[in-house]
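S.K.: These came from TrEMBL, pasted as-is:
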- 142, 144, 178, 202, 407: Mn(2+) binding site (BINDING)
- 224-316: domain 'Peptidase M20 dimerisation' (DOMAIN)
- 12-31: transmembrane segment (TRANSMEM)
């Protein structure tokens, strides 16, 4: 009887210990979740602190005053490296001519990347303010000055919390988004070969500060350009029978191109073909020897994009032949490569929504935004790495009816949006590493 009683007593003790450990594990999980949420909030508080916020404004205005075009971002790159040096953040340079790749964390897997583009646009700023562009004919009219600033802000936050980072954050300061697909050169350099996810953002002057928007799947279209030369035989306009009219051939080609979308594309698969350039002839009574047309084509899937490209050439060449002309079509890939569609990874979308809702509140996260027909070279990263691209509100505080859009010489952004971009960058990266650290150790 004593032996049986002792066994029952030990069994009860083991049962009690197991129950106790289960409670401890559950409490630890809850505490960890609570800690994660508080870190989201603390990142935003840090980014909004006068020390960090004022520093970011100063950085953004310096870059805005000195805009540089693609692969010419030498001063911008130098400023970035100077700030990284001050923070004690190691980096690689040059990458893709002017690019800078920074590293924060353990230097070990997992690796997650954050990207900002650096280049400006060849346009004259028309906004009169203290920090207007000092370079004639160049302006940060697409917000890349803000993108660089927010990534530097994220770097400052992450460096301050480096001991808590469970892996490595790769900072990608990329050249030439506007000109020739600098992202592709970054990929080709091999500096991202160990990266398992990459995040990027773009400012939106129409979206209020404190709000973000994105979606899973296609968010931006693939975009390409084309230019065609249609050659005939010039002559007097009064005796067209002695000429071969390239204007007529080009005109019929343009009409036929419009039928690509209306007659050949699935109505539920949004596509665009626009002819925006038509050059030929210089006199009222002379049929020219040739004309040149050019335009753009857009689609949300690679299959549709490639099909448009194929049919554009077939139609232009075919219509030229119908009218006894010859045609050549150039897709200008050597000048600026076609950009693939920007397609957000589904798992990263879920991660983004969780982080953004925790930081901003559910009403400020638009997680099913309508895709746009504009293009982004961030898509080159997504072809080789799971990637996620989102939109950040920087709507101007003024109550003007007309809000200048991106690529407008009148663009103004609300700098109050900078802390949100910096904090989201930092939170997306650090929480991603925390989540995926378990996979590295096989847990």
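Cβ atoms here come from the backbone N, Cα and C positions, even for glycine.
In TrEMBL, annotation is done automatically, which means it is predicted and not curated.
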S.K.: Within a 10 Å radius of its Cβ, which of these binding-site residues (142, 144, 178, 202, 407) has the fewest neighbouring Cβ atoms?
M.R.: 407
S.K.: By DSSP assignment, list the helix, strand and coil residue numbers for the domain 'Peptidase M20 dimerisation' (224-316), in that order.
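M.R.: Residue counts in helix, strand and coil order: 37 helix, 33 strand, 23 coil.
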S.K.: Which chain neighbours of the Mn(2+) site, leaving out 142, 144, 178, 202, 407, have a Cβ atom within 8 Å of the mean position of the site's Cβ atoms?
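M.R.: What remains near the Cβ centre is 117, 119, 121, 140, 141, 143, 177, 406.
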